[in-house]
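Q: From Swiss-Prot, here are the annotated features:
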- Cys24-Cys91: disulfide bond (DISULFID)
- 24-27: region 'Involved in metalloproteinase-binding' (REGION)
- 24-143: domain 'NTR' (DOMAIN)
- Cys26-Cys118: disulfide bond (DISULFID)
- Cys36-Cys143: disulfide bond (DISULFID)
- 105-188: region 'Mediates interaction with EFEMP1' (REGION)
- Cys145-Cys192: disulfide bond (DISULFID)
- Cys150-Cys155: disulfide bond (DISULFID)
- Cys163-Cys184: disulfide bond (DISULFID)
Amino acid sequence: MTPWLGLVVLLGSWSLGDWGAEACTCSPSHPQDAFCNSDIVIRAKVVGKKLVKEGPFGTLVYTIKQMKMYRGFTKMPHVQYIHTEASESLCGLKLEVNKYQYLLTGRVYDGKMYTGLCNFVERWDQLTLSQRKGLNYRYHLGCNCKIKSCYYLPCYVTSKNECLWTDMLSNFGYPGYQSKHYACIRQKGGYCSWYRGWAPPDKSIINATDP
C-alpha cells in the first residue's frame, strides 16, 4: 500500500454510460502534510466490509474499530465506517479485514469519512517510531510550516516557514529518510526546520538537526 496524498489524476473517458478509467496517480506527500491536510486521522482495525451500489463501480464501506483519534475531534469524534471507491483505478483502497491495525487519514463529506490510495494509509506496524510520535504531537506543531518538495536540483527554500523535502532525490526514493524520521517544526526565531528527537521541541531548542 502506498501512502500518498495529493493530486488525483484519473485517466479515462466516460461515454454512453461506461466509465473507462485506467489508472490512479497521486503526487507524493510527506506524512506531516498528509496529517495537516486531513479532516480525520485515526488508528483503527477493519472488522468488516460491504459493497454499496454507488457510482460506476460501487463504493466499498469498511466497518472499523477505532483505537485512537489523532485529528478530527470536532469533525467526527468517533468513526465507525470509512468509504472508498470499489475500483483501484478510481483510487479505491483495499484493506484486510480482521488482520491489521491501520493508520487511516481522510476527508469528511456529508457526515461520512472517505479515503483512498492518495491518502496516507499505512499498516500501524509499518510506521517508524518517529512517525508515531509525529502523530501524537509533532505533526500538529508543524501545521503552520510548509514542506517544499524537491524533485530536481537546485532547490531552495524561499521563506522562513519552509522545509526542503529531498526524499525524491535519494536513490531509495519515496518514502525516504525525511518522511520516516523527521517533522518540519517552527523553531526559535520563527524559522521552520527539520526536527528529530525523543522529546517534544520547546523554547530551549536553538538548532534543529537537519537530515
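Glycine residues also receive a Cβ, built from the backbone N, Cα and C atoms like all the rest.
Note that the coordinates shown come from a computational prediction; the quantities given were computed from them, not determined experimentally.
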Q: Can you work out the mean pLDDT of the predicted model over the region 'Mediates interaction with EFEMP1' (105-188)?
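A: Within the region 'Mediates interaction with EFEMP1' (105-188), the model's average pLDDT equals 93.
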Q: List only the single closest residue to Cys145 (disulfide bond), chosen from the disulfide-bonded residues Cys24, Cys36, Cys91, Cys118, Cys184 by CA-CA distance.
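A: Nearest candidate: Cys184.
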Q: Would you mind reading off the Cα separation of Cys143 (disulfide bond) from Cys184 (disulfide bond), to the nearest angstrom?
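A: Cys143 (disulfide bond) to Cys184 (disulfide bond), Cα-Cα distance: 8 Å.
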Q: Cα distance, Cys91 (disulfide bond) to Cys118 (disulfide bond), nearest Å?
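A: That separation, Cα to Cα, works out to 7 Å.
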Q: Look up Cys36 (disulfide bond) in the DSSP assignment and reduce it to helix, strand or coil.
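A: DSSP call for Cys36 (disulfide bond): helix.
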Q: With every protein chain in view, how many other Cβ atoms are within 10 Å of the Cβ of Cys24 (disulfide bond)?
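A: Neighbour count, Cβ to Cβ under the 10 Å cut-off: 21.
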